[in-house]
Amino acid sequence: MDPEISEQDEEKKKYTSVCVGREEDIRKSERMTAVVHDREVVIFYHKGEYHAMDIRCYHSGGPLHLGEIEDFNGQSCIVCPWHKYKITLATGEGLYQSINPKDPSAKPKWCSKGVKQRIHTVKVDNGNIYVTLSKEPFKCDSDYYATGEFKVIQSSS
């Protein structure tokens with residue numbers, strides 16, 4: 001067996017869609033967790049849209065599936081239950097409130113830290129929910145908790 005072909009096949013397989021459940025189930029619960037190609041993800045149903053991201057918060061590995069969804073600056077965010085970090089459902093950006101120390105009377109404004117949480121693609125087909133892992137080449141802070149030594153789930157040997 002050619003090891004190069006095997007590695008290519010494994011890489012392709014990692015980006016195939018995986019059925020994670022039924023649409024009717026997630027609409028009731030508004031969230032669900034799944035393992036997609038050995039990566040734990042959480043899928044949210046919020047305001048008529050589906051969103052999927054790594055299950056562990058980029059900051060300290062908090063369980064995002066246990067967080068509340070709130071709107072900040074017109075963006076729907078999951079709030080990590082451990083340290084209250086705010087992550088946009090649509091883009092995975094971390095949000096924070098900026099305060100100008102030279103003008104204490106100024107109102108704090110919402111700012112982005114950039115993309116911190118890896119977002120995955122969700123598709124609905126014939127009542128089934130499918131998740132495809134992100135192929136984006138950049139590193140996200142949440143990758144630290146989804147891969148390598150801090151990975152929460154173990155692959156079967």
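Note that Cβ sites are derived from N, Cα and C of the backbone, with glycine treated the same way.
Feature annotations, reproduced from Swiss-Prot:
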type	residues	note
MOD_RES	Met1	N-acetylmethionine
MOD_RES	Ser6	phosphoserine
DOMAIN	16-127	domain 'Rieske 1'
DOMAIN	17-131	domain 'Rieske 2'
BINDING	Cys57, His59, Cys80, His83	[2Fe-2S] cluster binding site
- Message: Cβ neighbours within 10 Å, counted over all protein chains: which one of the binding-site residues Cys80, His83 has the most?
- Response: Cys80
- Query: Applying the rule Cβ within 8 Å of the centroid of the Cβ atoms of Cys57, His59, Cys80, His83, what extra residues of the same chain belong around the [2Fe-2S] cluster site?
  - Reply: Tyr58, Ser60, Gly61, Gly62, Trp82, Lys84, Tyr85
- Cys80 ([2Fe-2S] cluster binding site) -> DSSP, reduced to three states, gives coil
